[in-house]
Ligand SMILES: Nc1ncnc2c1ncn2[C@@H]1O[C@H](COP(=O)(O)OP(=O)(O)OP(=O)(O)O)[C@@H](O)[C@H]1O
């Protein structure tokens, strides 16, 4: 598309770098005019050129730059700048990288310093070049051997910047390569050889004819890539670089917006890059923007930002003029062309009073005040724009810091979350164990119960009672045969402990069953001979005393057998004792014997049970003596 026919417009091209993924987020839906569609956002953009990945360097140069170079020869200021996300091919397109890939700069040098053209040209042509970079808001001269020290910026110019006179294209290319080597580059996640600076390569041409001298200038700007700190993974110095890069790009965006809105104030001073480009980035120049994008779906956000920027740039209406055409014999005198806008920038347009001034005094006062008011007005609008730019820059910086911080915070949150989950899991297991414990305990108890049942001898209480009764019977029988043993009778000693032992055995299930007295009892043969009931005694004179002895003995036995022995049986036992004793001994002896065999118990009234018997025995003894 010939540039000359599009004088009123900035030329905007989009170049998409080769895809890294299989799918593309961009679609060219019309070739003439080129219309790009973002299917995911259902958004279309129309530009002057769209170069998809199959477009080579030659095509990009021919369509987007060649017409401008021809205009430079005629004395116009032209600027080509590559803008876009990091890693999308700006340096590749401009040819300002360390790898020489025949990008725009060498091709432009070739076109201007073409031997054939130079030989055929009747005019005297002088070509000079300069190459600077803006790194961290400082300007470095890339063509100087001592390029490490920054150059001072004075207003919109860099007084110390060196220019090199070049006669041939290869000579110019050597300087270009030297400058490329001097550029600040760094490695980011998105580009192993990322340019961390804005680079401005300028070609100055002066063409002298017989009557005049014309100056043209071509700025070839390789802007640093807009970057998301999160994606590039910038840290430390690289992070600061990223902030400055984004600040510069933001200011360029502000300048573009102000230009497209035809604002009276263009914020060039807000960053070094806009200050340096002030002479190039204005409506007096031809501008060609090459917006480099990535069609990878994961870069859609950045691609959208770049396309929006490109669309805003396209709204700028340019009115380029030949800036400087001087009479050869009087180089100071401008002989052609309108006073360019760039020369009157800074001059505030006059503003008229809305209400016409009527009285001469007020008119004269108004005339005096008007310039002051206008000046103040301009200052205020200037301050407003500066503030808004400052605010946007700070917002970007904050977003960058947030983006950098958010992975750290996220990491911390993930770790904390994992810790909390772990603790909750621990707590849960503790709670479950605690809840399960009684269940386990009860199951243990149940199994213990069943064990207890297994180990418990199968003796019913009825049987136990029978056994005890039998024991008592047996004891009684023994007492009847050997009354002297009654004092050490197990019934006497153990009548309380025996059941206790049974109880103890029931509770302690760990002891072997053989130790269980009930077991022993179960094994024992309790069969014994119950002595025949002796013949009833012939009542004697001592019947009364016998009866009292019988009462005492009955009470004693009652205690001994723990009330389980039939008291009638004790009567019978007493009778048998008395009878057997009587056969051999006197009544007195019998009484003594009974007393011996019956321990003294407290009866229910708290009196000794056999005291009467004792007293009687004593009386009998006394009578006898
Ligand atoms: N159209 C293309 N064809 C082939 N390779 C390309 C193209 N565009 C970019 N590349 C390759 O992609 C890589 C990154 O490109 P380049 O360095 O030019 O990106 P950039 O936009 O300048 O990045 P930064 O802003 O970080 O400097 C380079 O290896 C380059 O060769």
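The backbone N, Cα and C atoms fix where each Cβ goes, and this holds for glycine too.
Note that the coordinates shown come from a computational prediction; the quantities given were computed from them, not determined experimentally.
For 9-316, the entry in TrEMBL reads domain 'Kinesin motor'. When pLDDT is averaged over the domain 'Kinesin motor' (9-316), the result is 84.
According to TrEMBL, the ATP binding site annotation covers 84, 85, 86, 87, 88, 89, 90, 91. According to its DSSP assignment, residue 90 (ATP binding site) is helical.
The region 'Disordered' annotation in TrEMBL covers 598-625.
Annotation source TrEMBL lists compositional bias 'Polar residues' at 599-612.
Look at TrEMBL and you will find 613-625 tagged as compositional bias 'Basic residues'.
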Look at the binding-site residues 86, 88 and tell me which residue has the greatest number of other C-beta atoms within 10 angstroms of its C-beta. 88
How many neighbouring Cβ atoms, not counting its own, are there within 10 Å of the Cβ of residue 84 (ATP binding site)? 30
Filtered binding-site residues, from 85, 87, 91, whose Cβ is under 6 Å from an atom of ligand 1: 87, 91
